[in-house]
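Copied over from TrEMBL, here are the features:
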{"type": "REGION", "residues": "67-101", "note": "region 'Disordered'"}
{"type": "REPEAT", "residues": "174-208", "note": "repeat 'PPR'"}
{"type": "REPEAT", "residues": "209-243", "note": "repeat 'PPR'"}
{"type": "REPEAT", "residues": "244-279", "note": "repeat 'PPR'"}
{"type": "REPEAT", "residues": "280-314", "note": "repeat 'PPR'"}
{"type": "REPEAT", "residues": "315-349", "note": "repeat 'PPR'"}
{"type": "REPEAT", "residues": "350-384", "note": "repeat 'PPR'"}
{"type": "REPEAT", "residues": "385-419", "note": "repeat 'PPR'"}
{"type": "REPEAT", "residues": "420-454", "note": "repeat 'PPR'"}
{"type": "REPEAT", "residues": "455-489", "note": "repeat 'PPR'"}
{"type": "REPEAT", "residues": "490-524", "note": "repeat 'PPR'"}
Amino acid sequence: MVVAPTQIGVNVTEAGDFGPSEQDLASRGLSCHSSHATIDDLDLEQLNSLFSKDMEPKQSATLKIEGALHAETTPSKKKKKPWNGPIRTRKSPPQPAHTEEDCAKRVDDMLFELEEEGVTGSWAVANVLDVWVGKVTRVDLAKVIRELGSRRNAALALEVFQWMQVQKGRLKPNAHTYSLILGVLGRGGMVTEARELFDSMLSSGAEVGVYCFNAMIGAYARGGNFKKAWRLYEDMMEKGVQADEVTLSTLLNGAGKADLPVEKAEKIFSRIKENGILPSVQTYNTLLSVLKRGGHAARCIELDKEMQTMEVVPDIYTFNTLLMTHVQGGRFDDAEEVFQRIRNAGLKPTVVTFTGLIQMYSRANKHKEAMETFLEMQRVGCSPDLTTYSLMISVYGKAGSADEAALVFRQLQRKGFRPNVVTWTGLIQAFGWQGKTQEIGAYFNEMLASGCLPDVTLYNIMMGAYGRSGHSVQAAILFRRMQAQGLSPSAVSYDTMIQAYCHSKQPADAHAVLDQMSKAGYTPDKISRAMLQQQLGVKYSGDSQILLSRKERRRIAPRPPHRS
């Protein structure tokens, strides 16, 4: 059955659920000539726009109804009410974070328990440190290791590190701790232990960085084993670890300590520049020190100019090296210019600076300037060391002030310094120049009582002092004592004895010593030849074979005492 289109018409006023009203039709531009409208009167586009818009509010209403039904079946979450009551304050403030003072106290306490109580052995170290678990950090233990290294107790530092290795969490050593203990072991002379630890890092597959390589290279370099240091540097490059300035500076310093040719040090320095690294003042200082030890003063001056061109600001160590280079080369004007640069730079002179100046004035026989420098040094608060004191004793001795030299000697003893053979030599020489043989003997006996043994230079000085005073017997006793001590007489020793016998009018004894001197492969100096000529009235021809009997030679020649 076919339904006619007119039968499908919908009354606009009764079609609330299906169709639009007359007002809607009018608003959409649709004409409505009667109170009834049929679908035939609308085209397809108008039907689509009409029904799609009219269905939206109905769908929205349906969704709202479904949402309300869902809300009735689902319990709602409780909303937390904000607190409107009084806020209570803490009775005690929170504990502050660990300060530097707290860390220092923990480190001191651990050091006391480890070192002051004489702890030895891994089990004893564990007994001490186990108590500190939960109270200390890796940083605290690293400071303990560093402090033990500065106290030259590398063995105990290694035991602390080994205890850290068996711990868990934050107490286990990291890369910084490994590099730290390697440096401590290297400075403590435990190079073998350092290498074993380094190899264990490599075998474990741990990532070994440049800091650990630097520490191990430094251990070899400080021990004078430059070949192993250089081989480790090559291994480092093969593993792809990029060397930094510290690496090359350490190798540079090691080359200097191993007394390698300066060309090797220059090669390392050039490699620093090739790697695009601007050498620091510390690197320049290292090369300057190597060049100074090798006596390459001209190259030191070139480096000084290069630093000024590269705008590398020199420090006091740079100036001290340059000053000592000029002093050793006898360029006193240049040395004074360097000292003026130190003052212009506002740097504080060190004991090395003042000692270099005193040495310069002593060589130039400017004793007054040397004494003034010594007084200025103490006035500005720079404490002299043993080298400075020994040098000043020599200065006062050359100036003829033996009593002042003795005062300086007693001053250094009060300061806690122990005189060495150089110090004693300067003091005895000061009185020897004045012919005070009694004081010479007293100081010599005091030196022997202190446990300091004389060397050939001191024996020569004392023999000369006794010989000039006419005490050839005392000089001969010292000559025999020197040989009994196991020291071989030098050319100066023989010359001194020849002159001592000539002063005492003992030409036969002088010629006997000359015979021994020739057999030892030495020839007399001008003074000895002149005195021999004066004693015998003949010119020395180089032949020291004097016709004396064997008995006379045995009687007059200085000889070591009979050994039982």
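Just so you know, the numbers here start at 1 and follow the chain as drawn.
Each residue, glycine too, has its Cβ placed from N, Cα and C.
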Same-chain residue ranges lying at least 6 outside the repeat 'PPR' (455-489) that approach it to Cβ under 8 Å: 421, 424-425, 428-429, 431-433, 435, 437, 440, 444, 496-497, 499-501, 503-504, 506, 509, 520, 558-561
Residue numbers, six or more beyond the limits of the repeat 'PPR' (174-208), whose CB comes under 8 Å of its CB atoms: 138, 141-142, 145-146, 148-149, 152-155, 157-158, 161, 164, 214-216, 218-220, 222-223, 225, 239, 241
The repeat 'PPR' (420-454), counted residue by residue under DSSP: helix, strand, coil: 26 helix, 0 strand, 9 coil
The repeat 'PPR' (174-208) [mean pLDDT, rounded to integer]: 89
